[in-house]
Amino acid sequence: MKGRDETVDKFFGLKAHGTDAKTEVIAGITTFFTMAYILFVNPTTLTDPLYIMGDPNADRYKAAVFVATCLSAFIGTMLMAVYAKIPFAQAPGMGLNAYFAYTVMLGMGYTFSQALAAVFISGVLFILITLFGLREAIVKAIPKNLKVAISAGIGLFIAFIGFQNAGIIVNNDSVLLGLQNFSEWTPAAATALVALIGVLIIGVLYKLKVKGAIIIGIIATTIVGIPFGVTNLSGFTLSLPDFGSFFELTFFKMDFAGLLKPENGFWGAVFNLVMVIIAFSMVDMFDTIGTLIGTAKKNNMLDEDGSMPRMKEALMCDAIATAAGACLGTSTVTTFVESSSGIAEGGRTGLTSFTTAILFLAALFLAPVVGIIPSAATAPALIIVGVLMLSSVKEIEFDDMTEAIPAFLTIAMMPFAYSIAIGIGFGVISYVLLKTFTGKFKDFSWVTVVIALMFVIRFMFIAG
């Protein structure tokens, strides 16, 4: 037993990072539960076009994508654990799966298999870019204040996701967003109320410095949800995944030959394909970079020069996971901002992500059990983590408008545009322009200019 503990400590460097196995495991469980929703949302999103088009195999595709989602999350997160050895988890990304389904498939007419081929190409491109160190150069070119703003922006973004998942903030046709209607007792109002109770529970636990505050809060809120009818215990069953549909419909079912659609003409088809690949690549790259830098910055995981240890390994894990995910049958795999919930619980090493990875694999067989945890129980965790990350905003130099405006745009555009990458884009573009027009050329490098130009091209030619 002692020998095993020493092996784990030596491999992950627990003592060197001032942590222990218990803390890491709790952190890994916390991360899993805050991002477990992707197991159910991703299959629904990716196969929605098939239902819309009346595909007779839509149900089987949905079952297959569930298997692909679990396996790709397991592979990506396990890579983070044993290769990068950092406490970040991966899974098919929200936003990118919607782009895959509604823009690439429904909008541009690509089939499911053709869209997978485009994702695979973007993953291979990522691997090459990472091998040559280009992604690390991009990370180093992001100004200090923007790195702080990225952390704060992610905090606001993740809190916004929490408010949405809980139904506290809802759609309003007149003013875009509105507050849940608490004047009428409905299931939606009950869910929102339970989530608010959850925020209070976790907040009190944090104030009392209770170890494992977030995971305890998730469990407590799940229990609170039972009398409110929010927690559904009827789903407590075991079931076998549909491996038959997985192997028949999505496993290594990429259609490269069909990517150059003849009806668009050769050059038109090439242009469309390049735009699709660029969209997948840029969003994944800057979402991952933003998540890694922002979360690491908030939790004092950056070096003195502002760089993140093992960044290249983390980026390579992300690239490999994307290519692997396409082979399995899912959209771009990316590093999840919800990883910050586990890090907030004290996760500092790969043992955190190892724990999360094992749970993703187990979810293949325990999906109904995982489904018992309602969104009302996980949303408070996102909101509290948002509070913790947003607090870094005090480090921004608001007395210098050439620093303040880019920082503000970075923070504001993440939740408003529902994209970490777009927030970074607005921040970098405005930073370069403001510094240029005020003659402060020494404040940025040529790499920063290239990043800004990349975003300008992306906004000009790619919607959303």
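The backbone N, Cα and C atoms fix where each Cβ goes, glycine too.
No curator has checked TrEMBL annotations; they are predicted automatically.
Listed in TrEMBL:
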TRANSMEM  21-41  transmembrane segment
TRANSMEM  61-84  transmembrane segment
TRANSMEM  91-110  transmembrane segment
TRANSMEM  116-134  transmembrane segment
TRANSMEM  146-168  transmembrane segment
TRANSMEM  188-206  transmembrane segment
TRANSMEM  213-230  transmembrane segment
TRANSMEM  266-293  transmembrane segment
TRANSMEM  357-390  transmembrane segment
TRANSMEM  411-432  transmembrane segment
TRANSMEM  444-463  transmembrane segment
Proximity verdict for the transmembrane segment (116-134) and the transmembrane segment (61-84), three or more C-beta pairs under 8 Å: no
For the transmembrane segment (213-230): best-contacting stretch of 21-41, 61-84, 146-168, 444-463, by Cβ pairs under 8 Å: 21-41
Cβ contacts under 8 Å made by the transmembrane segment (146-168) with residues that lie 6+ beyond its boundaries: 37, 179-180, 188-189, 191-192, 195-196, 290-291, 293-295, 297-298, 306, 337-338, 340, 375-376, 378-383, 385-393, 395-396, 406-408, 410-415, 418, 420, 423-424, 427-428, 431
Of 61-84, 91-110, 266-293, 357-390, whichever stretch has the most CB pairs under 8 A to the transmembrane segment (411-432): 266-293
Candidates 91-110, 188-206, 266-293; stretch with most C-beta pairs under 8 Å toward the transmembrane segment (357-390): 188-206
Residues of the parent chain within Cβ reach of the transmembrane segment (91-110), under 8 Å, 6 or more residues beyond its termini: 35, 38, 41-42, 45-49, 52, 69, 72-73, 76-77, 118-119, 258-259, 261, 272, 276, 279-280, 283-284, 287, 325, 330-334, 336, 360, 418-419, 463-464
